[in-house]
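Notes follow once the structure below has been shown.
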Amino acid sequence: MALRSVSRRLGSRILNHRSFVASIHSHATSFGFQEVKEEEKSKLVGNVFTNVASSYDIMNDVMSGGLHRLWKERLVGKLSPFAGMKHLDVAGGTGDVAFRIYDAVYSVKRRALQKVDEVSLEETQIYVCDINPNMLNVGKQRAAERGLRDNKSLVWVEGDAEALSFDDNSMDGYTIAFGIRNVTHIEKALAEAYRVLKRGGRFLCLELSHVEIPIFKNLYDLYSFQVIPNLGELIAGDRESYQYLVESVRRFPPQERFASMIADAGFEKVEYENLVGGVVAIHSAIKL
């Protein structure tokens, strides 16, 4: 799983890529394979996650065969959480990434190695930001089940990735897992990520991406379009939402193009790592 670094210049491969976003007029965007007005997309996406909130993590397990857990562990490993950090996890309503960051910070072994004092631990703040209150409610319930209902290190915030309520230069880290393809304006979400990060802050994005190996791609497409919507109907009682999911992945920019968008937002040291042949990719960058 080699890392690929990306410079600011656009290679010929990127210039030749005719993305869907570039092909439609400025007041339209994609909702899966549909073209919709920009003001409609957030409502449509909101309906998707309202419908799937209660079964979201179960479906992640079923669809990925549990691999999403390893992908998220990889994401958090790249973050290298530390005591006293202020971290923002966007589109993370169910808390799946935030709990992993919390566990990493509060790990007894890590604390011993880093000689962490209790004051630093108490200063740790992990903000879980999601635009959908239903997803946040699932996360809060999971926190309560873990005995973390009133834990001050976990802060639950209803908010929009394109218009964050946090101060400039206020966060040590920013993560977004399986969320950025659902925003209406990816560029705005990236600009907001850059704005809220401190100098030296780390940006990490885990997202379903594009498979390039021909035979594997054919099998992946078959699984995506023939199996996943049926699983959604069987387990979550919602075929349409999971049909949107697989379509939205195909509309998301390829790895190189997305990396260039991150660089265009001002980030440095942009690189990405493909997992499972590009089924998912982790993009990382630093605000210098």
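One is the number of the first residue shown, and numbering goes on along the chain from there.
Using the three backbone atoms N, Cα and C, a Cβ is placed for every residue, glycine included.
Residues or ranges marked as S-adenosyl-L-methionine binding site by TrEMBL: Thr94, Asp130, Asp160, Ala161. The Cβ of Asp130 (S-adenosyl-L-methionine binding site) lies under 8 Å from the Cβ of Val90, Ala91, Gly92, Gly93, Leu136, Gly139, Val157, Glu158, Gly159, each of these being in the same chain and 6 or more residues away along the sequence.
Taking Cβ-Cβ distances under 8 Å and a sequence gap of 6 or more within the same chain, the neighbours of Thr94 (S-adenosyl-L-methionine binding site) are Ala53, Tyr56, Asp57, Met135, Val138, Gly139, Arg142.
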